[in-house]
Amino acid sequence: MTWLLGYVDPSDPCFVAAVLAITFNPLFWNVVARWEQKTRKLSRAFGSPYLACYVLGGAILLLNVLRSHCFTQAMLSQPRMDSLDNPTAYQVGLVLLGVGSMLVLSSFFALGFTGTFLGDYFGILKEARVTTFPFNILDNPMYWGSTANYLGWAIMHASPTGLLLTVVVALIYVVAILYEEPFTAEIYQQKSSQIHKRS
């Protein structure tokens, strides 16, 4: 980890912007979703929990585009690493990008739009927690798929800055998982209890 810092200028404005974007995104969607879950103000403002969830999902998608742009600009503004600047490393990065994209897309198809974009905070619940692929091989596959995408992108660009920012992405996702997972488990436990009481 220390050797990476020799290649990276943390005061570079592009690097700072990337770190801020990486940190802000999960903070934004968790704060807004918890606020909605407690107050239902977004659902009331848009007249429907589904429409409110779609709007939040759209905002998250735009923020993710901005995050990826900042990540790429930070890589391009700082030196490349000679030991990664070769065809083999590029192919490894391409494979990681492929695996990451597969995890993200298959997670999206398994969850649907509202399942992906925090619909459970809007009261939009599935019959049960999703356990089909890729959730049957990995917890939180969308987060780890996204991390694999950034890692692959960094390796393809032979970028130590990208590698360091990928570590930041992974750490932020770990914090997000610790925050989100207990809530998701609790609401599906409550739903299961309600179903048992009715039957």
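Including glycine, each Cβ sits where the backbone N, Cα and C put it.
With respect to the membrane, Ala45 and Gln73 are recorded by TrEMBL on different sides. In this structure, of the binding-site residues Glu180, Glu181, the smallest number of CB atoms within 10 A of the CB marks Glu181. Within its own chain, the transmembrane segment (45-66) is flanked in space by residues 21, 24-25, 28-29, 32-33, 36, 113-114, 116-119, 122-124, which lie at least six positions past its ends and keep a Cβ under 8 Å from the stretch. Comparing the binding-site residues Gly98, Gly100 by how many other C-beta atoms lie within 10 angstroms of each C-beta, the top residue is Gly100. Secondary structure of the topological domain 'Lumenal' (34-45), assigned with DSSP and counted as helix (H, G, I), strand (E, B) and coil, comes to 11 helix, 0 strand, 1 coil.
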